[in-house]
Amino acid sequence: MLTKINDIIPVGVRFMLLSALGFALMSACVKYVSVHGIPVFEIVAARALVSLILSYLDVRRKGISIWGNNKKLLLLRGAVGTMALMCVYYAVTALPLAEATILQYVHPVFTALLGVLFLKERIQGATMICIALCLLGLGIMVQPNMSNSITADALPLHSVMIALLGAFGSSIAYVIVRKLSQTEDSSVIIFYFPLVALPISTMLMWQDFVLPSLAITLMLVLVGVFTQVGQYGLTKAMQTQEAGKASGYSYVQIVFSTLLGVMIFNEIPSVWTYLGGGLIVTGALVNVFGKKLIPQKYRRA
């Protein structure tokens, strides 16, 4: 039976599906505790505390220094990641789960532009198609806001902008991680994220702290636990499967988030979400698999 499963679903794909489920459950927990009155900064602090403990144990297990080599760049990655995380969590609390998750996947647009500006990379044909489809999909998703009469399908524009800011911050963090991966162990890079996020979020939440009940405290802990599950699955998937193939399956997170939104929060995506989200996902997948889909003569060097 296990052999048949391995033949049908490669181990790398299974790890990526685990990662997608972990991150979707994390988002659902974030939304759940926010509905019960926990502020965003407090949620970030709770996640950072759990992640810091688990990440520290992982680094010590490997027997390596927790401080790394390029401390300035590690701290910058932590600061940028913290900003992005706060924006993403705010979007999860203010938007339906499906829409908040879809907007996170606009990040290839920002990553491509950052690559041109800072890494002197050229944009390939597949990436240009990705950018066009993502922007078109984004326009369709916010289309109800542009009409003369705002409908029930309209998304709050300020929340959409914060979600996009989170995607932009994630892209910056991704570019920094690419640079750090040349000199730093992955566990050290992960450790610095909560190391920076915890003091920043603690200072920001101090005046608005809400004492959670035992049940909500458990949910806050699960935010951190599911984050680690997502990161573990992502790391293992990249180690056991070709990166492009593995990352293509990460978009299943949108499906998981949509189902959780419907089942837990009674969130029914609008037709604009399906149309716009479909274009964004298609664009992102073209960016992942573009080198195989686009003939050689149409690619840019």
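Yeah, the Cβs are placed from backbone N, Cα and C, and that goes for glycine too.
In the predicted model, residues of the domain 'EamA' (12-142) average a pLDDT of 90. Among the features that TrEMBL reports, domain 'EamA' is placed at 12-142 (among others).
Annotation comment: TrEMBL describes 160-288 (among others) as domain 'EamA'. Residue counts for the domain 'EamA' (160-288) under DSSP (helix as H, G, I; strand as E, B; rest coil) come to 112 helix, 0 strand, 17 coil.
Annotation comment: TrEMBL describes 12-33 (among others) as transmembrane segment.
Positions annotated as transmembrane segment by TrEMBL: 39-57 (among others).
Per TrEMBL, transmembrane segment is recorded for 78-96 (among others). With a cut-off of 8 Å between Cβ atoms, the residues of this chain six or more beyond the transmembrane segment (78-96) that come close are 27, 30-31, 34, 40-41, 43-44, 47, 103-104, 155-156, 159-160, 162-163, 165-170, 172-173, 176, 192-197, 200-201, 261, 265, 267, 269, 273.
Panel annotation: around the transmembrane segment (102-119), residues 88, 91, 95, 127, 130-131, 134-135, 138, 141, 160, 163-164, 166-168, 170-172, 174-175, 251, 254, 273, 276-277, 280-281, 283-284, 287 of the same chain, lying at least six beyond its termini, place a Cβ under 8 Å from a Cβ of the stretch. Annotation source TrEMBL lists transmembrane segment at 102-119 (among others).
Taken from TrEMBL, the feature transmembrane segment applies to 126-143 (among others). Distant neighbours of the transmembrane segment (126-143): 99, 102-103, 105-106, 108-109, 112, 155, 157, 160, 164, 272-273, 275-280, 282-284, 286-287, 289-291, 293-294, 299; these residues of the same chain sit at least 6 beyond its ends, with a Cβ under 8 Å from one of its Cβ atoms.
The transmembrane segment annotation in TrEMBL covers 155-177 (among others). Remote same-chain partners of the transmembrane segment (155-177), defined as residues 6 or more beyond its termini with a Cβ less than 8 Å from a stretch Cβ, comprise 73, 76-77, 80-81, 83-88, 90-91, 94-95, 99-100, 103-108, 110-111, 114-115, 118-119, 138, 141-142, 144-145, 189.
Cβ atoms under 8 Å from those of the transmembrane segment (189-207) belong to residues 39, 41-42, 44-45, 47-49, 51-52, 55-56, 58-59, 66, 68, 74-75, 77-79, 81-82, 85-86, 177, 180-181, 231 of the same chain, restricted to positions at least 6 beyond its ends. Annotation comment: TrEMBL describes 189-207 (among others) as transmembrane segment.
Feature annotation from TrEMBL assigns transmembrane segment to 213-234 (among others).
For 246-265 (among others), the entry in TrEMBL reads transmembrane segment.
Sequence annotations record features per position, and here TrEMBL assigns transmembrane segment to 271-290 (among others).
Remote same-chain partners of the transmembrane segment (39-57), defined as residues 6 or more beyond its termini with a Cβ less than 8 Å from a stretch Cβ, comprise 26, 30, 33, 66, 82, 85-86, 89-90, 93, 187, 190-191, 193-195, 197-198, 201-202, 204-205, 208-210, 220-221, 223-225, 227-228. Distant neighbours of the transmembrane segment (246-265): 12-13, 15-17, 19-21, 23-25, 27-28, 31-32, 35, 96-98, 100-102, 105, 234, 237-238, 240, 277, 281, 284-285, 288-289; these residues of the same chain sit at least 6 beyond its ends, with a Cβ under 8 Å from one of its Cβ atoms.
Within its own chain, the transmembrane segment (271-290) has Cβ neighbours under 8 Å at 96, 98-99, 102, 105-106, 108, 112, 124-127, 129-134, 136-144, 153, 244, 247-248, 251, 254, counting only residues six or more beyond its boundaries.
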